Amino acid sequence: MNSSFNIFFLSFLALLAIATCKPGHEKKIKLKMNYYHKTCPSVDTIVRTITWSKVENNPSLGAKLLRIHYHDCFVRGCDASLLLDSTPNNTAEKSAPPNRALSGYEVIDEIKARLEEKCPGIVSCADILTLAARDAVSYQFRRPMWQVLTGRKDGKVSLASEATTRLPSASSNFTTLLKLFADNGLDMTDLVALSGAHTIGVSRCALVARRLYNFTGKGDADPSLDRDYANTLRTFCPNPINPSTILEMDPKSSLSFDSHYFEALNQNKGLFVSDAALLTNPRSARLARIFENSEVFIDNFARSMVNMGAIGVLTNGEGEIRKNCRVVNVENGVVKSDGRAKQWETAPGMDVLVRKLFIVQKMKMNLSFNIFFLSFLALLAIATCKPGHEKKIKLKMNYYHKTCPSVDTIVRTITWSKVKNNPTLGAKLLRIHYHDCFVRGCDASLLLDSSPNNTAEKSAPPNRALTGFEVIDEIKSRLEEKCPGIVSCADILTLAARDAVSYQFRRPMWEVFTGRKDGKVSLATEATARLPSASSNFTTLLNLFVDNGLDMTDLVALSGAHTIGVSRCAFVARRLYNFTGKGDADPSLDREYANSLRTICPNPINPSTILEMDPKSSLSFDSHYFVALNQNKGLFVSDAALLTNPRSAQIARTFENSGVFFDNFARSMVNMGAIGVLTNGEGEIRKNCRVVNV
């Protein structure tokens, strides 16, 4: 080729490599508590003050802002894409049919304007919307109903076509609803809890016309709708329908955030087909009955709002901080037709190389040097480019359905046979799983044996009493015969812990998502530092859970694992005989229970003497732990600590209801099983769970 073409081609190659190179995102920056505490410390106060003043003058705003937040998160994640206006070249989400009736955007605009005055370019519209939705609903209680983690960035794309396909409708059946929620990483409890948002707000006759007058196309009504309620609706919405006539979604309670929606729903007075759909599935119907208890509902709603607020968030250099929530920022004076600001995406330092390229061209150096330099630049750009990992591979249902379809059956068969012969195994495998996940995440690092050069987690003081590892070994051996090199020890442990606890019920108590890889590092020092102890106070416990992405409900629910299993006198000696160093007992311990413990653990203590953690119920997985706890009969200081915080104490009281406890425990086990998992090329599939692969 001639020299001029060489220069042109190499220039093009260098720029192409630079332009298409995106920095890797091996670990996405997570949302945080008080993300703006240094850059805009007054953000919470400003959002709450404006929102509460607006809701005070217009109580319907709670439902409106909540609905905007919900519709935003279900399309492209919680990125404020719904706040973008349409342009001549793009029809935005806001203009899609499901969103045309939304209102309340002006509140977000006012908050944004105030924050831009106070902290220009700092607070995202996505965070403002999330905070405002929480504060609007919370105004009734004059306190925040849930914690909002912040750090979201604003999206640059908003397409009406996506809103039309990704939002549940008022006529959705249960299967459709559950799938749409699952696609967004939410579960059945989230579906039922978030449907409870219909306890506030209004709708229009157009959305119930079919239920009232032509449900099957034969001029009939929906037979699942309470007859008296249907007649009442017909008085508001006579045929032919006036589609704009307004209806309360929760009859006579549409301005009060409470559990009345579930009371009405369970009387077949849910307004929409999608409401009635919740009663068509046995488990969701049970949740709907449980949520008639306002404390249980409000706690689960808060938790589900946190879950929803984390859907598809943009962090770690993605997105932008809009100056105006209705339009994307203009960069270099150019805006793309789809609403995105046009920009080069370059790897760190690549912009400098681009400038050097053009400087060299300007200097008109000799052709030989140009060719050499551009060759070097192209190769450097390619060599330093790392493939982007914008979304880490998540755990999945049935991850092994093609590679090892019998994995669930093999794990369950072996585990159940072992638990049948030794009922104490449920507690043992559950404890191994818990101790594993809290150190380096659920990566089976606890299963690794110590070596001459390393003292592994298994040898740390908190783990020396653990037993049951041989069950995991047997399952692994069987799976290596059936599917060599496919199933991780981390997944085996997670499945076996679930199955061991579930044996009592002869059915899985929760779904296990799989796809974990096994870690290669195991350090005893980390186990000692990162595991809660039997003597931990509430603050310590909560901090350890929060550090692992878990919340207060997870803390209380997972403490309920103490309903099965045993401990030893060594762990309660101080509570019984020397609590404050003066030869006294813990005054928070029930006196009769303390006397009972002293008969089992006389002074001086035999540290190896065994104690039931849940008196007279240590082999039965039930809610008796909470019954005992609320009578001040929790065995450990860490148990009693749950009663020292008003909210955790309230949760402990609601968990005396076994249905409520089981549901929350299942949910918390799924949350715990996702801590720090290795996927996406990290870790390995060990051949033997006790040693890393050579």
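Just so you know, glycine gets a Cβ as well, placed from its N, Cα and C.
TrEMBL labels come from automatic prediction, so no person has curated them.
According to TrEMBL, the protein carries these features:
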- ASP436, VAL439, GLY441, ASP443, SER445, GLU457: Ca(2+) 1 binding site (BINDING)
- PRO532: substrate binding site (BINDING)
- HIS562: heme b binding site (BINDING)
- THR563, ASP614, ASP622: Ca(2+) 2 binding site (BINDING)
- CYS404-CYS483: disulfide bond (DISULFID)
- CYS437-CYS442: disulfide bond (DISULFID)
- CYS489-CYS689: disulfide bond (DISULFID)
- CYS569-CYS601: disulfide bond (DISULFID)
- 30-329: domain 'Plant heme peroxidase family profile' (DOMAIN)
- 394-693: domain 'Plant heme peroxidase family profile' (DOMAIN)
- ARG431: site 'Transition state stabilizer' (SITE)
Inter-residue C-alpha distance, THR563 (Ca(2+) 2 binding site) and CYS689 (disulfide bond) (nearest angstrom):
28
Of VAL439, ASP443, SER445, GLU457, PRO532, HIS562, which binding-site residues are close to CYS489 (disulfide bond), meaning a Cα within 10 Å of its Cα?
ASP443, SER445
Rounded Cα separation (Å) that holds between the residue listed as 'heme b binding site' and CYS442 (disulfide bond)
20
CB within-chain contacts under 8 A for CYS442 (disulfide bond), separation at least 6:
HIS433, ASP436, ALA490, LEU493, THR494, ARG516, MET672, GLY673, ALA674, ILE675, GLY676, VAL677
Cβ atoms near PRO532 (substrate binding site) (within 10 Å, other residues, all chains)
22
Cβ contacts within 10 Å for CYS689 (disulfide bond), all chains included, total 22
Distance from CYS689 (disulfide bond) back to VAL439 (Ca(2+) 1 binding site), taken between C-alpha atoms, in Å
17
Given the recorded positions CYS404, PRO532, ASP622, tell me which ones have a C-alpha lying within 10 Å of the C-alpha of GLU457 (Ca(2+) 1 binding site).
none
So what pLDDT does the domain 'Plant heme peroxidase family profile' (394-693) average out to?
94
Cβ proximity for ARG431 (site 'Transition state stabilizer'), under 8 A, sequence spacing 6+, ordered by residue number, returns LEU466, ALA561, GLY565
Relative to the Cβ position of ASP614 (Ca(2+) 2 binding site), how many further Cβ atoms are located within 10 Å?
29
Candidate nearest CYS483 (disulfide bond) in space, where candidates are the binding-site residues ASP443, SER445, PRO532, ASP614, ASP622 and distance is Cα-Cα:
ASP443
